[in-house]
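Notes for the one structure printed next.
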Amino acid sequence: MSLLRFAILCIIFVSLFGVHECFRGEKINVPAHPCYHTLCGSMIRNCYCCLGKKFDYCSPNQQNCLFRCEEVNRIPDFPKTNGVSKGLGPPIYLFFLGQFIYFVLGL
């Protein structure tokens, strides 16, 4: 196998890792504690502020912050696809990869 064919094969396998990770869209990295401790000002020394997409929420009580943060920044059960399909499933793209390797690269 020539060096060029090996390099093309490595690029294909590395790019397939990214495609494989796209199929796992339901796994979203959320911090274990979405509320971080900070100093709010002179009146309230200890605050817990929410890390979220929708708005910043701060509370002197950590439990209130956790409850409100999870309520507002809830992750939907079914991720929105905006009308776009997930694409080809893993068995199909592996089939096409095999065909590509066989016919184009001649391996």
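Just so you know, glycine gets a Cβ as well, placed from its N, Cα and C.
If you check Swiss-Prot, you get these features:
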DISULFID  Cys35-Cys49  disulfide bond
DISULFID  Cys40-Cys69  disulfide bond
DISULFID  Cys47-Cys65  disulfide bond
DISULFID  Cys50-Cys58  disulfide bond
SIGNAL    1-22  signal peptide
TRANSMEM  87-107  transmembrane segment
Densest Cβ neighbourhood among Cys49, Cys50 (disulfide-bonded residues), 10 Å radius: Cys50
Within 10 Å of Cys40 (disulfide bond) (Cα-Cα), which of the disulfide-bonded residues Cys47, Cys50, Cys65? Cys47
Under DSSP, is Cys69 (disulfide bond) part of a helix or a strand, or is it coil? helix
Would you please pick out, from the disulfide-bonded residues Cys47, Cys65, Cys69, the one with the fewest other Cβ atoms within 10 Å of its Cβ? Cys47
Sorry to bug you, but what's the C-alpha spacing from Cys47 (disulfide bond) to Cys35 (disulfide bond), rounded to the closest Å? 9
Quick check on the disulfide-bonded residues Cys35, Cys58: which one has the highest count of other Cβ atoms within 10 Å of its Cβ? Cys35
I'd like the Cβ neighbour count for Cys40 (disulfide bond), meaning other Cβ atoms within 10 Å of its Cβ, all protein chains included. 14
